[in-house]
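Everything below concerns the one structure shown next.
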């Protein structure tokens, strides 16, 4: 008695391959300045437009050292502190465009002894702004953690922007806001929700650079 072995139809594998390609094309990978797809590594966030500050770092507000806000270096030659991206729902290894994800400033230690995940803070009534601040690691998808989700979206041919879409449990289509730059009374360039986006590009950081960063 001869056993027959079932073989998969080649069309089945073709469908699987096409499905994977379509998924990656629907949500393209964010790429760095070398044109490489970005993954779970550290990257500097740099301005596309030169002469208006450098990379991103951490700073207090109103002359106080703590807690931290996310700010832009004043000098364009200073790349700041790299960031890491995580927690996107799409089942892909690369950092996807237009998907909610978490952003963490990748610093070894801080004098404020606090986590450095990005989140949108409470409304600053004095400055009439919603600033992007450093906060705790988001836990799950609860109401408070939703303040820590941002999207990276293409803006033109060679630039990206950060977008905040505050989806709540009872919201349909959330109203999205771009993340821009607000220059405060001390001249500090702070990330804040804005109708004028801060256009950026990403540069991969090496391990030595990341391990040496402290605040």
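Note: Cβ is positioned from N, Cα and C throughout, glycine not excepted.
Within the same chain, the residues at least 6 positions away from residue 66 (disulfide bond) whose Cβ sits under 8 Å from its Cβ are 60, 111, 112, 114, listed in sequence order. If you look up Swiss-Prot, you'll see 66-112 (among others) marked as disulfide bond, on the strength of similarity to another entry.
Take the CB of residue 165 (disulfide bond) and look out to 10 A: across all protein chains shown you find 16 other CB atoms. According to Swiss-Prot, the feature disulfide bond maps to 165-176 (among others).
Residues annotated as N-linked glycosylation site in Swiss-Prot: 206. Sequence-distant neighbours of residue 206 (N-linked glycosylation site) (same chain, six or more apart, CB under 8 Å from its CB) are absent. Secondary structure at residue 206 (N-linked glycosylation site), taken from DSSP and collapsed to helix, strand or coil, is coil.
Among the features that Swiss-Prot reports, signal peptide is placed at 1-28, with the record citing sequence analysis.
Neighbours of residue 176 (disulfide bond), defined as other CB atoms within 10 A of its CB across all chains, total 13.
Classification of residue 165 (disulfide bond) by DSSP places it in coil, neither helical nor stranded.
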